[in-house]
Amino acid sequence: MSNLKSTESTGTTQPTITKTTKTTNTTQTINKEPAADKNDKSENPDVFLPDQFAKERKGERGRRAYRQYVEMENTNRQAFKGIESLLSSLGQAVGLGNIWRFPQKAYQNGGSSFLIPYLVCAFVFAIPAIHMEFVLGQYAAKSPPAVFRRIMPVLEGIGWMCCLVGAIIGIYYMILISWIGIYLANSANAVKMSKCDNEWNNQGRSTCYEGMKQKLCKGANMVFNNDSRALNEDKHPEWMYFDGKCQNATGRNMASGTEQFFTNFVINPSTGFTDFNSINWATLGAVAVCWILTSIILIRGMKMIGKLSYFTVILPYVIIVILMIRGITLDGASAGLYFLWAKSDFSSLWSLKAWVGAMTQICFSLSIGQGGLMNIASYNKKSYNWYRDAYLLVLCDTMMSLLGGTAVFATLGFLAKQRQIEVPAVIKEGHALAFIVYTEAISQMPMPYLWHALFFLMLFLLGMSTEIVIVEIVCSCLTDRFGYLRRHRWLTVLMVSLTFFSLGLVMTSDAGYYWFDLYDEYSAGVSATLGTAFMCITVSFCYGLENFRKDMTELWGEPQSRLAKWFGPASYVWVGMWIVITPLCSIGVMVVFVVNRRYPYEGDGVKYPPIFDVIGWFVTSIPFLAIPCFAIYTILKFRNDKIPLRGAFMIQKQHPAFDRVTKNWPEWKKVIGDQLPDQEPGDDDVEFVDGDEEEQEESLIE
């Protein structure tokens, strides 16, 4: 038998466990005195043993036991130490988009003047959203679905929407990481990639040209069959160097050596979106290796992720600084930097395109609205300074974007100088910037193998750190919801990894590149921005910003100065942003995305069939379906459990602020509050049965 006696001490409940042995009619009391070793859970009265109450919990005594169980679960969740929380947040936020997406956005929207809308959006949108995610996760110490369920059970679907957004991103993001892994494994072929005499160059899709030899076809002296003759290049721009001489390329499908390596060796695409013929074994093998590596890390839990973040997050910053220094010392680097930073167009500040570009970039870059930051914060100690981390996260993310942009465009300036063309002529959008253009530039540097390995090692670490946190979001959501999975974390990780791997198999086929393009275009944009809007609206109007401010003061104390009252973590400046500016910005981005959408979609020179957009919008809608589905499920669950339906629209007992929030409720509302479930869905194996004390005592003895 197990008895639980509670005593009041500094506002907390301390359990005392007594064990009765029925066979000898004697009572053996264990640990009525404090144990010497506080780390020994088997003999420490201050450490709650959940297994002793896992099967039967009775009456008020059982409810007290359950509260102690919840407190212990939250305590065990605190895995981060030192700056591990900040590093894990950076691992989620800082990713591949910082290296090639930010420089392109800046180049397309006024150069250095793009920093103005970017920083404004960071202050009025990113920091408030990150601030709210951190507080929600840290205060509740739970994953997004549990956080929203505690606020209002019918809104649990908002948390699952965030989880599903991360899941969809995680499926296709691993494909991109696998391509990076292939490039990293082929670092020894850094020079061969830009040549035209490899086995992958002669597959009939296109004619290979060596970009660095195009200067032989420029100017007065051109080479024809090893003869030098004069030709005006302005009158003959179609002449290119291939097959050992300058030739007329009119009507030919031309591709550089690095482009053919990516096309013919890495992705090996079919002729269209629905044309499935074979599996790309190189991509499949790389994806399998990456998923195995991810699973091994995640099985070890968040403590392993926190420790690993010292390597996966800090090392990319060291590498990008090295690459930036190397880039700005290259011949022609100044031309590339001029196009990125010096050639400012301040008239773009009056363009909606620049502001929408800044908003989408910062939302994409910081992973806002995906639940990852909220989940990471749930592993913090209650006293952790999340407010500082919100600013540092935006600062470090912006720093990586600036360093990455400088390194990339300095190298592009070098490439343009080597090919004797203008910088805009070598710029390509998306991942082609890294896989094709930057790879060709590296092949022309001294020690190309070193720079190639460093660059793709940096990309691999950035990608893996993001992917690990994304998959951890899904695992945490499942383990918080299902008690069985909580006790078998390894099974949860394997189940999620295998599911994601299976769903991503379509992208390892010869039509996989087109499906990757679909996921990349439709997966995160609308869902993530709307997730932020739903979060702000839920906290502002369903939970109440005044209650939310009190949560923050519980975590960090009352503001001690007038400046802190206005600009501190619980200031009314943030209240105004949460209630108006941040949700309006989120909805505005979604509206612009939908209105400016062109059909059919065209990407990388490919015009997709209408089915592409149909499937794309279906993928986008999947996360939103979680909201009505879980709302209907919650209402049916409350009805079946004979709980008043109004309770599904109230704060739940498991919320840490339940007693404070319900203190001033009217009597009718308190009556409903008393009927709310004493346990969370994740603890469905726990039963509460009211009865007389003697019956409960007998059950506990048995």
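Keep in mind that glycine also has a Cβ here, set from the backbone N, Cα and C atoms.
Here TrEMBL flags 1-60 (among others) as region 'Disordered'.
Here TrEMBL flags 10-31 as compositional bias 'Low complexity'.
Positions annotated as compositional bias 'Basic and acidic residues' by TrEMBL: 34-44.
Taken from TrEMBL, the feature Na(+) binding site covers G91, A93, V94, N98, S365, L462. The Cβ of G91 (Na(+) binding site) lies under 8 Å from the Cβ of I305, S309, T312, V313, S465, T466, I468, V469, each of which sits 6+ residues away along the same chain. DSSP gives G91 (Na(+) binding site) a helix state.
As annotated by TrEMBL, transmembrane segment applies to 115-136 (among others).
What TrEMBL records for 157-185 (among others) is transmembrane segment.
Long-range contacts of the transmembrane segment (279-299) within the same chain: residues 174-175, 177-179, 181-182, 185, 265-268, 305, 308, 464, 467-468, 471-472, 475, 489-490, 493-494, 497, 500-501, 504-505, 507-510, 512, each at least 6 residues beyond the stretch ends and with a Cβ under 8 Å from a Cβ of the stretch. Annotation comment: TrEMBL describes 279-299 (among others) as transmembrane segment.
If you look up TrEMBL, you'll see 308-329 (among others) marked as transmembrane segment.
Under the heading transmembrane segment, TrEMBL lists 349-369 (among others).
Sequence annotations record features per position, and here TrEMBL assigns transmembrane segment to 390-416 (among others). If you look at the transmembrane segment (390-416), the same-chain residues 6 or more away from its ends with a CB under 8 A from one of its CBs are 86, 89-90, 93-94, 98-100, 102-103, 106-107, 118-119, 122, 126-127, 130-131, 134, 211, 316-317, 320-321, 323-324, 326-328, 330-341, 365-366, 373, 422-423, 425-427, 433, 437-438, 440-442, 444-445.
Among the features that TrEMBL reports, transmembrane segment is placed at 449-478 (among others).
Taken from TrEMBL, the feature transmembrane segment applies to 490-516 (among others).
Taking Cβ pairs closer than 8 Å, the transmembrane segment (522-545) reaches residues 129, 132-133, 136, 148, 151-152, 155, 158, 161-162, 164-165, 168-169, 172, 360, 363-364, 367-371, 575, 578-579, 582-583, 586-587, 589-590, 593-594, 616-617, 619-620, 623-624, 627, 651, 661 in its own chain, all 6 or more past its ends. The transmembrane segment annotation in TrEMBL covers 522-545 (among others).
Cβ atoms under 8 Å from those of the transmembrane segment (566-595) belong to residues 121, 124-125, 128-129, 131-132, 135, 352, 356, 359-360, 363, 369, 386-387, 525-526, 529-530, 532-533, 536-537, 539-540, 545, 549, 552-553, 556, 559 of the same chain, restricted to positions at least 6 beyond its ends. According to TrEMBL, the transmembrane segment annotation covers 566-595 (among others).
As annotated by TrEMBL, transmembrane segment applies to 615-636 (among others). Within the chain, the transmembrane segment (615-636) has long-range Cβ neighbours (under 8 A, six or more residues past its boundaries) at 153-158, 160-165, 168, 518-519, 521-523, 526-527, 530-531, 534, 601, 645, 648.
Marked as region 'Disordered' by TrEMBL: 673-702 (among others).
When each of 115-136, 308-329, 449-478, 490-516 is checked for Cβ pairs under 8 Å to the transmembrane segment (349-369), 115-136 comes out on top. Here the transmembrane segment (490-516) has long-range neighbours at 167, 170-172, 174-176, 267-270, 272-280, 283-284, 287-288, 291, 294-295, 298-299, 471, 474-475, 478-479, 606, 608, 612, meaning same-chain residues at least 6 beyond its ends whose C-beta is under 8 angstroms from one of its own. The Cβ neighbour count for L462 (Na(+) binding site), using a 10 Å radius over every protein chain in view, is 29. Sitting within 8 Å of the Cβ centre of G91, A93, V94, N98, S365, L462, and not among those site residues for Na(+), are the Cβ atoms of L90, Q92, G95, L96, G97, L366, S367, D397, M400, S465, T466.
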